[in-house]
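Taken from Swiss-Prot, the feature phosphoenolpyruvate binding site covers Lys22, Asn23. Summarising the annotation, Swiss-Prot assigns UDP-N-acetyl-alpha-D-glucosamine binding site to Arg92, Arg121, Pro122, Ile123, Asp124, Leu125, Asp306, Ile328 and lists sequence analysis as the type of evidence. The active site, proton donor annotation in Swiss-Prot covers Cys116 and is backed by sequence analysis. Taken from Swiss-Prot, the feature 2-(S-cysteinyl)pyruvic acid O-phosphothioketal covers Cys116, and the record attributes it to sequence analysis.
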Amino acid sequence: MRKIIINGGKALSGEVAVSGAKNSVVALIPAIILADDIVILDGVPAISDVDSLIEIMELMGATVNYHGDTLEIDPRGVQDIPMPYGKINSLRASYYFYGSLLGRFGQAVVGLPGGCDLGPRPIDLHLKAFEAMGVEVSYEGENMNLSTNGQKIHGAHIYMDTISVGATINTMVAATKAQGKTVIENAAREPEIIDVATLLNNMGAHIRGAGTDIITIQGVQKLHGTRHQVIPDRIEAGTYIALAAAIGKGVKITNVLYEHLESFIAKLEEMGVRMTVEEDAIFVEKQKSLKAITIKTSPYPGFATDLQQPLTPLLLKADGRGTIIDTIYEKRINHVPELMRMGADISVIGGQIVYQGPSRLTGAQVKATDLRAGAALVIAGLMAEGKTEITNIEFILRGYASIIAKLTALGADIQLIED
C-alpha cells in the first residue's frame, strides 16, 4: 500500500508551475476518437487518469505516443468494441467515451463509470440528451448499450434540467458529427468546455457559444488532425494558492489564468490573503491575520466545488467562525473527520461544514477519501506540527501532476512511500 509521509511545520517558498487541466484532458482524449488523422495535445498533466485513458485508447486500437507533456494519438485504428469494465469503472470521466463513440460509430457498449464517491452524479442528463438525438439505451449486467440502430445520430434541441459540465461536453462531442443542428440550452460555462470546443473546432467542427449557456453545433462529416495546447488547471492553481497562503513565506504560482479563478481569488481577498496578480502568475506573500468567511459553491463562474476542500485547511487558520456550503456534491464533507483527527475545530451540521479558527493542527494518520479531500489533507499535513501519514493516495495521484516533486522543490518534507 502506498502512502504519503509529511513532516510538517516548515514554511514553503519558491516557484511552482501549474500543469495542464485534468478536467479538460479527460474529455479531450476521448474526443480525439472523432478525428480522421493524428491529433497532438501539449501540456498534458502526468496523472494516473491520463494513464488510464491512454490504456483504454490503446485497447480500442489507437496508436499513442506520450513523451514529457506531449501526447500524440492516431485514432484511425480505433474499433467499435465493448469498453473494458475494470478500466472504465475506475475512472469517472470514462463517460466521455459515450459521446465520441456515438459520434463515430453510432453505438457504444461501456461499463458504468467509477471515480470519486461524492454522492449522486447521475448520468441521466447525458442519456436524456443522447435519446433526443436518436440513441436507444439499454443495460446488460454491468454494461450499458447505446445504439442508433444503424441510423446516423441526429441533431436536437436539448435543455439541460440542471447545469452539468459532463453532460454539456458529452452532448457537444456527440453532436459534432451528427446530422443537422444541435442546440444545448442551460449549458455549463466552465473553461474546460471552451477548451474541448476549441479542440473540436480546430479539427473542423462548427461549434458556437461554448462558455455561454447556449451552445450551437452544426454537424460535420469529417474532422481532421490538429495540435492543441491544454489550458492550465485552475483547480491545481487554486490548490497551490491556498497552500501558499496557509504555509508559505513567498510562493509564486506560474502558468495561471486569473480569469478562471476570479471568484476563488475574491474570497481569498475577503479573508485578507495578500497576493499580487501578474500576467500569467500569482505571487502569494507570507500571511498575517486572516478573517473567517462563508463559502458557498456554485456552477462556474461561481466558487468551484473542486476548491472548497483544498481551501478548508487555510480557513482553519482564520480568526472566527465560518461555514462551507457545497451545493454541487452533497458528500464533499469526507475530509472533515480526517481534519478532526489532526485537531481541527470543524464539524458537519445539517449538511454544512462549520469551522472555528484558528485551529492548531498536529500530525496524524489520515485517509484520502477522494481527490480533493486528499489535497486538503496534504495541505493540512504541511501546516501541522509533527508527522502526518496519508493513505489511499491513489485519489491524489489521479489529479495532481508531480505533486511530490513540486512540493519538495518548495521546501516541503514529503515522501511517497511504497509499502
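Placed from the backbone N, Cα and C atoms, the Cβ positions cover glycine too.
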Roughly how many angstrom lie between the C-alpha atoms of Asp306 (UDP-N-acetyl-alpha-D-glucosamine binding site) and Asn23 (phosphoenolpyruvate binding site)?
10
For Asp306 (UDP-N-acetyl-alpha-D-glucosamine binding site): DSSP state (helix, strand, coil):
helix
Of all the binding-site residues given, Asp124, Asp306, which has the fewest Cβ neighbours within 10 Å once its own Cβ is left out?
Asp124
Taking the Cα atoms as reference points, how far is Asp124 (UDP-N-acetyl-alpha-D-glucosamine binding site) from Lys22 (phosphoenolpyruvate binding site) in Å?
23
I want to check the contact list for Leu125 (UDP-N-acetyl-alpha-D-glucosamine binding site): same chain, sequence separation of six or more, C-beta distance under 8 angstroms. What comes out?
Met160, Asp161, Thr162, Ser164, Gly166, Ala167
Determine, from DSSP, whether Ile328 (UDP-N-acetyl-alpha-D-glucosamine binding site) sits in helix, strand or coil.
coil
If one measures from the C-alpha of Asn23 (phosphoenolpyruvate binding site) to the C-alpha of Ile328 (UDP-N-acetyl-alpha-D-glucosamine binding site), what distance in angstrom results, rounded to a whole number?
16
Determine, to the nearest whole angstrom, how far the Cα atom of Ile328 (UDP-N-acetyl-alpha-D-glucosamine binding site) is from the Cα atom of Lys22 (phosphoenolpyruvate binding site).
19
Other CB atoms, at most 10 A from the CB of Lys22 (phosphoenolpyruvate binding site):
25
